[in-house]
Amino acid sequence: MSEASEEEEEVMQSSMPSNLQDEYEDDGDDAIHATAASTAVGSFLVTGVVHTFEHKRILLAGQLLSFLLSVTGAASATLHMNCNLSAPAFQSLLLYVLLSFHVLELPPFSTRIRSFWRQHKQRRSQIIGRDQPEDAINNDAGLEHDIEEEEDRASMNENQMAAPYLLLYTVPMYAPIWVYVIIAFLDVQANYLTYLSFRYTTFTSIALFDALAIPASMVFSRIALKRNYVGVHVLGAIVCMIGVAVNVLSDYKKDLDDAALKESAMYDDTIEIDKEATEYPQKVLGDCLAIMGGILYGVNDVLAEMSIKTFGGRAEFLSLLGIFGTLISAIQVLALEEKDVYRFFHRSDLLVDDTTYTVDDAAMDMPTCSKAAGFWLLAAYVLANYVSYVGVAYFLAFSEAALLNLSLLTGDLWAVVFTVFASHIIPPPLFWVALTTIMSGVFIYEIGPSPLQDPNEHHRTRSILNDLALSSEHSPKHARLDQESGEDSVTSLEMSESRPRDEFNML
């Protein structure tokens, strides 16, 4: 504004009555405040969108994990509906057996494997280079082999000195055994409750209730890692929870309607009961199981993040989760699912041929899937779940548990596709309201700043767990490290963390 126009405005304002001057000033202040507020909101939204696109690689990885978990859910639902297999502990047992093989990435097994391949390479080079002088070949190969062996021994000794714990007096660990026992126990129970809920409720509802992992991971991250969540994060989580509540209300209303319909059908043969009411008569029970499973997933994802970032990294987490998960799952299978597993593998229809039964399967309690289909579905469940676990370990190496669970919510869309086209069950209208609400909550959460702000949170967590280990174990081998060895441990940890980041950047 020019000086002349400013002078004219001052003259015009001074000629006004006092009450009009006050109103004029108030209008000007309101306009300034409104402009500032709109600018702030616009800037916040733009910053949030830019922040989202900056993390596109992380978000794409999350969508891949979401698809893999949807495959496992679809396979598990099909095993229950078509193959009459509902043995969640047994299905998880096969997964944990695969994960336990990651122990080969830890010393001393990794050192021995590298030594074996070096010896194989040395013998092969000797066979290929027979035309060259034998002494020169032996001297060069032997010198290279000795140097590499010495490096491996030094690396293994360094790991054993830096790691304060040993598994079976052989494998160095950066966390006490009880930490991984707790993680494995919670993971087994989360899988058990979630996949047990397939007996009672639909795949879409189960996928939607996994959203409870978001507030669970946020609350536990705040308690354990002292994460700083701002109002936008809380608002996004609340919106997600509203969507979950809408879906529970929808299922509860559907249960009441189905019960009334069944009662009417007893007196009127013309009334038809839909497929969903026949296959899922206890949807609220299934909802409760899925809700408990979702909460356990959220808590356990935070523990997994702490383990990967604070202790021995991805390989240690996956291997020990697999070992202890195998033991816990095996106990649950023997205690709860022995008959279910026996029926799945020893039914005559699974052993005779690969044709699909056309008889009344519901009346005869026979599976409608063939022998080959049953085993292929089980293999698809295990392999997809295994790949998703490995992917989650990479994801948590450079991101956080809350964002992981938010990324997995898009699996609800895949669940809807499966339910409509494979199960021929149309979700009720309130489901779409719940899905839209949850997706809105995800967007609200993501436009906020990242809660990963405290660079010392993992060192603080290590100190807390060392104090707990010191108070619970009295062996000198399990005592807290002194300052020098603690620095070595941190250095070794940083080296172990750099590998997953680099490997992910190569994807």
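Every residue gets a Cβ built from N, Cα and C, even glycine.
Annotated region 'Disordered' per TrEMBL: 1-27 (among others), in sequence order.
Taken from TrEMBL, the feature compositional bias 'Acidic residues' covers 1-11.
What TrEMBL lists as transmembrane segment is 31-51 (among others).
If you look up TrEMBL, you'll see 58-79 (among others) marked as transmembrane segment.
Panel annotation: around the transmembrane segment (85-104), residues 76, 79, 110, 113, 171, 184, 188, 191-196, 198-199, 315, 318-323, 325-326, 329-330, 332-333, 336-337, 340-341, 344, 367, 374, 378, 381-382, 385-386, 389 of the same chain, lying at least six beyond its termini, place a Cβ under 8 Å from a Cβ of the stretch. Residues annotated as transmembrane segment in TrEMBL: 85-104 (among others).
Look at TrEMBL and you will find 166-186 (among others) tagged as transmembrane segment.
TrEMBL lists 198-220 (among others) with the feature transmembrane segment.
Residues annotated as transmembrane segment in TrEMBL: 232-250 (among others).
The transmembrane segment annotation in TrEMBL covers 315-335 (among others).
The feature transmembrane segment is assigned by TrEMBL to 373-396 (among others).
Marked as transmembrane segment by TrEMBL: 403-424 (among others).
Feature annotation from TrEMBL assigns region 'Disordered' to 473-507 (among others).
Positions annotated as compositional bias 'Basic and acidic residues' by TrEMBL: 474-483 (among others).
If you look up TrEMBL, you'll see 496-507 (among others) marked as compositional bias 'Basic and acidic residues'.
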So if I exclude everything within five residues of the ends of the transmembrane segment (58-79), which remaining residues of that chain have a CB under 8 angstroms from its CBs? That is, six or more out. 52, 85-86, 88, 91, 195, 198, 203, 206-207, 369, 374, 377-378, 380-381, 384-385, 387-388, 391-392, 394-395, 398-399, 403-404, 406-411, 414-415, 418, 422-423, 504, 507
Counting only residues 6+ away from its ends, which parts of the chain sit with a Cβ under 8 Å from the transmembrane segment (373-396)? 58, 61-62, 64-65, 68-69, 71-72, 75-76, 78-79, 82-83, 85, 91, 94-95, 98-99, 301, 304-305, 308-309, 314, 317-318, 321, 344, 350, 354, 356, 367, 404, 500, 503-504
